[in-house]
Amino acid sequence: MLCVAGARLKRELDATATVLANRQDESEQSRKRLIEQSREFKKNTPEDLRKQVAPLLKSFQGEIDALSKRSKEAEAAFLNVYKRLIDVPDPVPALDLGQQLQLKVQRLHDIETENQKLRETLEEYNKEFAEVKNQEVTIKALKEKIREYEQTLKNQAETIALEKEQKLQNDFAEKERKLQETQMSTTSKLEEAEHKVQSLQTALEKTRTELFDLKTKYDEETTAKADEIEMIMTDLERANQRAEVAQREAETLREQLSSANHSLQLASQIQKAPDVEQAIEVLTRSSLEVELAAKEREIAQLVEDVQRLQASLTKLRENSASQISQLEQQLSAKNSTLKQLEEKLKGQADYEEVKKELNILKSMEFAPSEGAGTQDAAKPLEVLLLEKNRSLQSENAALRISNSDLSGSARRKGKDQPESRRPGSLPAPPPSQLPRNPGEQASNTNGTHQFSPAGLSQDFFSSSLASPSLPLASTGKFALNSLLQRQLMQSFYSKAMQEAGSTSMIFSTGPYSTNSISSQSPLQQSPDVNGMAPSPSQSESAGSVSEGEEMDTAEIARQVKEQLIKHNIGQRIFGHYVLGLSQGSVSEILARPKPWNKLTVRGKEPFHKMKQFLSDEQNILALRSIQGRQRENPGQSLNRLFQEVPKRRNGSEGNITTRIRASETGSDEAIKSILEQAKRELQVQKTAEPAQPSSASGSGNSDDAIRSILQQARREMEAQQAALDPALKQAPLSQSDITILTPKLLSTSPMPTVSSYPPLAISLKKPSAAPEAGASALPNPPALKKEAQDAPGLDPQGAADCAQGVLRQVKNEVGRSGAWKDHWWSAVQPERRNAASSEEAKAEETGGGKEKGSGGSGGGSQPRAERSQLQGPSSSEYWKEWPSAESPYSQSSELSLTGASRSETPQNSPLPSSPIVPMSKPTKPSVPPLTPEQYEVYMYQEVDTIELTRQVKEKLAKNGICQRIFGEKVLGLSQGSVSDMLSRPKPWSKLTQKGREPFIRMQLWLNGELGQGVLPVQGQQQGPVLHSVTSLQDPLQQGCVSSESTPKTSASCSPAPESPMSSSESVKSLTELVQQPCPPIEASKDSKPPEPSDPPASDSQPTTPLPLSGHSALSIQELVAMSPELDTYGITKRVKEVLTDNNLGQRLFGETILGLTQGSVSDLLARPKPWHKLSLKGREPFVRMQLWLNDPNNVEKLMDMKRMEKKAYMKRRHSSVSDSQPCEPPSVGTEYSQGASPQPQHQLKKPRVVLAPEEKEALKRAYQQKPYPSPKTIEDLATQLNLKTSTVINWFHNYRSRIRRELFIEEIQAGSQGQAGASDSPSARSGRAAPSSEGDSCDGVEATEGPGSADTEEPKSQGEAEREEVPRPAEQTEPPPSGTPGPDDARDDDHEGGPVEGPGPLPSPASATATAAPAAPEDAATSAAAAPGEGPAAPSSAPPPSNSSSSSAPRRPSSLQSLFGLPEAAGARDSRDNPLRKKKAANLNSIIHRLEKAASREEPIEWEF
């Protein structure tokens, strides 16, 4: 009731207030009329009458004055009361509270009466109880009954126990039988293993004998060749001798010829001699010539013979050299296979003992469970332990339940069901299924061609199946499980290998279609090693898919979805590894499978693969382990590991095990990788032991066995490394070469590999969890092979040759070697691979060892690093090129590569001085995967997601944890996803399994089982580096999370000018920002230096952004290196908002804050790259922007810069105008623009175009008629005004953008300020749309538009108070002559330029033309008061009330402020203001404003009498 009465009272008060205001206006009008009438009376009446009436009129006037004074005081008192009433809080809550208290009091009375009644009943019960006590007879009877019941219960228990005992005995007998069966199977397997060892030994002996034969053949051939060469050499010598003899003869003949010539001359002299002598001479001469020609022919023939002999000799040399190299290659290949076999035997020396121990342990500890048969042989120890534990628990529970059988039979069912369900969730893969369909498992792409393992080498299968990429259950839990199964599979496959015979052929051409080698042209034309025919193209062979076999696609899709959900495998992983398709395609296929008959050949492929995938449990488990590892290491993206999509599609089979193998060479590497994996899993197990004591209970013996294996392996590897050390010392390989070599070797794997063995040197000290590519897949053309295999032993020269050969190969192959080539080499030529692998492994060890010495962890970086290193750039160039570190080892290689050249470029290199600082890209949120137990606990319960998210939000708020950290550390999600999930949680029933996982994680986090590292711990700082990282993270994070903290200066903000930050101060404030998580405003204000006395004082400032020199130059780069991942899109968005809100230019911001040109800033803000794609240099601007956004005084500092630039510009303009030198160099301005401009300082700026007032008027009139003029109009205007067309175009463009900007600022302020639109009458609002109202003020308070309106003064945006324009009075509608500019034009020249031709601030808004009668006094005053902080209030257009309006302007804002407070205060006091309230407030504001104006108005006119 009271609330209604209050509302009514307020309405009445509003009404009375409006009435008062209206009356006030009326009294004003009547008063004016009275004054007019009194004047007329004074003029018209005779003087004597005036004298008689004067005292009466004066008394009337006095009375009227008194009355008006009284009414004003009364109105003032009313206003005071009214204001207080408006501020009175709502009494409704207090009344509600009173009512509640009253209800409570009534309830208390009721409770008291109830208590009284209860006491009475209690007394009655006490009496009854006393009576009952006396009845001992009944008690005796009850005791007898109890005895009888106990007797019956005992009998029942005994009978049940007897039955149970019988059942247990039967079970025991059954289990014993099964145990015997398993023992039989293990003995058979042991025999198989012995067979395998024998076959290996025979194979070894055979290869040895073959090797010896080859050696003898090689020796024979070499001796034969040597003999041939000797013979050829002797022939050559003979030929040379003959040639020399011929030359000698030729010389003698030449001598004879010269003598003959001489004799001829003599003969010619003796002409008078007889004819006989002449005839003789002629004869002798002709015979000499014939002889000479014959000799010359002989010489030519001899020269040809010599050349022919030399050619044949070179040919022979080349042939023999090639044959020798081939023989050497064969020899080295045989040597390497021999070595591998020996190492394999060594490695498997204690294999039998371990196997025996494990089998004994199994047979002693665990009797096999029901319904398994041979499958149980494959079950690892932990699974058996768990099953035994469960069976014992269930038996125990069953006994307990049977004891309490009388009371609760229902409870037993409840316990049995989950017990029976659990073992099913962890199925052990039976390897006994493997031999049944080996061909089906390895079927090729099309799903039909059988690929028999009989034709493959044992290395192929042992490496593919024993590689650590197939942990058969989630990590840590089943270390022994995975080890045992791998070894069992290895034994089976190597047994299968025996059938292929021990010939040197690795692939037989028969049993499988050539199409299984996914080779594409150009290599298709070349037959492979064993003369196998080139395969037909993919498209031809794809037609051979069996069309007859129908499949139920819907059923297959359903089964796949079930398996994926059951094992928590994502569709992306499934699509990637099994189908070779994207996540979207997989989702489409599984959601809407087409019927079989409607599918194309290509469309049927995925279903073949899915069927193959479902056919074997191994595939599913392998994929599950990959999924688990992906969740552990989400930073390594799939794209990085597997870039060859077409290759993957060609070679993909439904059987996952053939696709996930690493291309390792030889079983020795495989064994090493098994041991490495076992070691890792043991470590994981140790850490997991406290959490899972039951699983670790019986694994003591097996742990010791595995440890002994590991120690032996380590000893062997240390011995190998010791053998390699001398080679390492002498090998002439620079560190950089090795750094290149290692990544190249590690980055060319052709197969999709998940994890393979790391280089030996790394694996000794630091087992790598990151996936690496195998080293064996490097393409090996003969030239490289020859070099790599020249040294079969471990001589240092050989290692160096190999490394240099690989280097050369890297250089050649960087541009052109394709993935198909890698694949072809890995698939078709495994023996060549094996031959090269030992040398490459050496090279890897070399790389690994040296890198360890230099502080890097050794590993793969990007090919771009290799390229840049080959070309030899400086470290700074190298850093510019460096992509965001994509490889797990890139961090170390960056360190090692740039370590040497750091001294050259201390400033340029963005490396931190300490190698502790992490520099690799911040990984995506990584969280450990949930265990199956955690899933089971919550997955099938109904969880209240709304309540859960509420609790999480409360806990986050209480502990001050931001959503980004929570998302990264607990949920593995981005901040956006977390925010979305917490604000709008879906109901549990509508969530998929993947969607439920975050909520399960939240629940576990609330229970304290997950992500405890997220909670802030006081006083734990790990060294200064980490401290600086966290301190940086806080201000950055503060900026990221709360976008409200962005400073937005309103139109009224115009602080006093201050100088830009000097270099030292800026560094100081930067470091303060970094070290204070929430920078206090006072501290950053202190960092601003006082205003310099004269402009040239800042000459000494360097021209870099936030200038950093010497030590501080590193600080910003260290910040960049240590900064967490930033949201570049969010930062640029907020920067753009702040710049537009405050009318700041990108040029100023770029030069002052970022040290970039306007173009670069514009590009950065328009198209920001994501953080992880940026180099360190590219991240710097974003870190600077973030620091700038976090600085509370950022806008003010830029404003100061802008004002100083403007002042400098104005000075320059004035001086240039006065000296008639329009092209004066802009020396003063450049002092203030802190950015290093691209042009040198002495270059001249273009002069600014300054338009005359009449030109501006004409252009404005043209604009009002047509804001977008046609080219013809532009040309006409240009000719009329004698301007360039470009100037006119620019003026229109600038004018349009200025008006748009004003409207935009106006809207922003109207939205952000409570008092916006204070006098926004509907007519004024409608006037806003009209193009003629350019004079609207920025605050949203316009002059009233009507037939007699004049445009009032227009306040400028911030920082433009110096350029305020005086509005034109109505009389000056015509443009004044150029000689006598109007009052506003004198100043108009200074800032109302035409188009901006050079860099510089945009022209300020122009005043519109004033075309009508004066505005009403109130409106003029209102608009003058609208922008209180923007400089002097402008005089209104109408001359009479101008004094009053200007004098009352300062007073009004304060009264408004006292009534409504400033917008910030209002926002803080009541943030729930809805638009309705705002309108109401604005309306009241206008009424009170008018009343106050009337009350406080000084009398403008005195009484006449």
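Just so it is clear, glycine is given a Cβ too, placed from its N, Cα and C backbone atoms.
Here the candidates are K117, K842, K990, K994, and Swiss-Prot annotates K842 as SUMO2 cross-link. Taking S521, S1059, S1237 one by one, Swiss-Prot attaches phosphoserine to S1059. Comparing K811, K953, K1133, K1197 with the features listed in Swiss-Prot, the residue bearing the annotation SUMO2 cross-link is K811. The two recorded residues, K1284 (SUMO2 cross-link) and S1270 (phosphoserine), have Cα atoms 15 Å apart. DSSP assigns S1270 (phosphoserine) to coil, not to a helix or a strand. Taking the Cβ of S1486 (phosphoserine) as centre and 10 Å as the limit, one finds 17 other Cβ atoms among all the protein chains shown. Following the DSSP three-state reduction, the secondary structure of S1486 (phosphoserine) is helix.
The distance from the Cα of S1270 (phosphoserine) to the Cα of S1486 (phosphoserine) comes to 44 Å.
Cβ packing within 10 Å was compared across the recorded positions S1270, K1284, and the lowest neighbour count falls to S1270.
Across the compositional bias 'Polar residues' (396-407), the DSSP tally of helix, strand and coil residues reads 8 helix, 0 strand, 4 coil. With DSSP states grouped into helix (H, G, I), strand (E, B) and coil, the DNA-binding region (1117-1204) comes out at 67 helix, 0 strand, 21 coil. On the 0 to 100 pLDDT scale, the DNA-binding region (1244-1303) averages 90 in the predicted structure. Per DSSP, the DNA-binding region (934-1021) is made up of 59 helix, 0 strand, 29 coil.
In the three-state DSSP scheme, K1284 (SUMO2 cross-link) falls into the coil class. Helix first, then strand, then coil: DSSP counts for the DNA-binding region (542-629) stand at 64 helix, 0 strand, 24 coil.
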